């Protein structure tokens with residue numbers, strides 16, 4: 001029996017994780033800036049999350065949301081402290097792509113419109129609806145026709161927003177485009193986008209699967225822009241490593257949803273609720289958001305200073321602990337070098353090395369990663385010159 005390999009094989013067998021580190025089968029420790037593409041933001045085997053999951057597993061692990069359970073009440077109280085502004089309702093699902101699907105369906109029902117606006121270079125998932133609003137033709141074209149009509153506008157281009165009209169059901173946007181290269185939205189662009197959706201009666205969906213729950217140095221990345229979306233999707237970090245996603249909705253939208261409008265066999269299971277409850281408690285108890293903000297600024301400053309003289313480095317960008325190092329060639333060799341030296345990172349776009357560390361990283365971790373990255377870039381640069 002073989003597992004279908006849908007992601008590139010890194011050639012490592014990982015057997016354990018703890019805080020900001022993982023260990024391979026030979027006992028070697030790695031500094032984890034991959035974190036399951038941003039999932040383990042709260043650290044591997046976080047003790048609070050472990051405790052909640054163990055306790056819930058000993059009681060009941062699966063239950064339809066037709067039934068109530070004590071962990072649901074505790075989760076709702078915990079979520080109430082971290083919820084996006086004006087969003088008092090949550091729908092629990094299992095993955096980021098499912099949350100996007102639910103958000104798109106909700107927008108169509110609420111507005112009675114069909115057209116969806118997304119942005120070039122966006123990534124929202126690989127199921128039919130979310131794939132329809134994902135830009136990369138490599139992912140999308142083999143499976144067309146998909147859900148439509150969808151129109152892609154140019155990210156950070158205010159003039160292009162004129163194409164949002166009274167037939168638009170929703171505009172879906174990542175505050176920082178992650179998969180395409182860690183590209184933050186401009187403040188002016190986001191404010192213009194919010195104004196345009198309000199004027200046309202379109203719903204503004206923020207896909208915060210990767211940016212949300214403290215990763216960018218704000219609890220939610222929309223807070224960088226002083227606007228509030230109509231719908232927000234969260235995932236990855238919000239489960240502390242457990243597969244769960246959340247769609248947050250305000251009352252005026254949630255109250256129009258009816259039984260059967262959406263559903264999920266596993267969505268909102270007691271284990272997922274326990275994970276979300278625990279993750280919310282970690283965020284509050286450990287002052288995670290402020291740590292991500294301070295450490296993110298510190299790490300970016302270290303990288304900028306250490307890489308400033310390298311011609312192969314175009315830019316260091318991002319927010320908080322979502323950092324991209326844009327280089328002048330494909331990053332495969334650099335990622336391999338980092339891994340050989342005990343640091344796991346991930347590619348973004350065609351030329352970006354993406355660092356998505358846990359909030360638990362230390363100054364020493366930052367220095368080590370920056371120095372190893374510099375060594376790797378110099379080694380590859382010198383090799384290219386000599387050849």
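Placement of Cβ uses the backbone N, Cα and C atoms for every residue, glycine included.
According to Swiss-Prot, the protein carries these features:
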- 96, 97, 123, 207, 208, 209, 210, 265: pyridoxal 5'-phosphate binding site (BINDING)
- 126, 264: substrate binding site (BINDING)
- 236: N6-(pyridoxal phosphate)lysine (MOD_RES)
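What Swiss-Prot annotates, mapped onto the structure for a quick look.
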residue : record                              : CB count, 10 Å
97      : pyridoxal 5'-phosphate binding site : 22
123     : pyridoxal 5'-phosphate binding site : 24
126     : substrate binding site              : 15
207     : pyridoxal 5'-phosphate binding site : 31
208     : pyridoxal 5'-phosphate binding site : 30
209     : pyridoxal 5'-phosphate binding site : 30
210     : pyridoxal 5'-phosphate binding site : 29
236     : N6-(pyridoxal phosphate)lysine      : 27
264     : substrate binding site              : 18
265     : pyridoxal 5'-phosphate binding site : 8
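Of 207, 208, 209, 264, 265, all annotated as binding-site residues, the residue with the shortest Cα distance to the residue listed as 'N6-(pyridoxal phosphate)lysine' is 209. For residue 264 (substrate binding site), the spatially nearest entry among the binding-site residues 97, 123, 207, 209, 210 is 97, judged by CA separation. For the pyridoxal 5'-phosphate site, whose annotated binding residues are 96, 97, 123, 207, 208, 209, 210, 265, the maximal Cα to Cα separation is 25 Å. Sequence-distant neighbours of residue 96 (pyridoxal 5'-phosphate binding site) (same chain, 6+ residues apart, CB-CB distance under 8 A): 124, 125, 130, 207, 209, 210, 233, 235, 236, 245. DSSP assigns residue 209 (pyridoxal 5'-phosphate binding site) to coil in the three-state reduction, outside any helix or strand. The separation of residue 126 (substrate binding site) from residue 265 (pyridoxal 5'-phosphate binding site), Cα to Cα, is 19 Å. Each residue contributes its Cα atom, and for residue 126 (substrate binding site) and residue 97 (pyridoxal 5'-phosphate binding site) those atoms are 7 Å apart.
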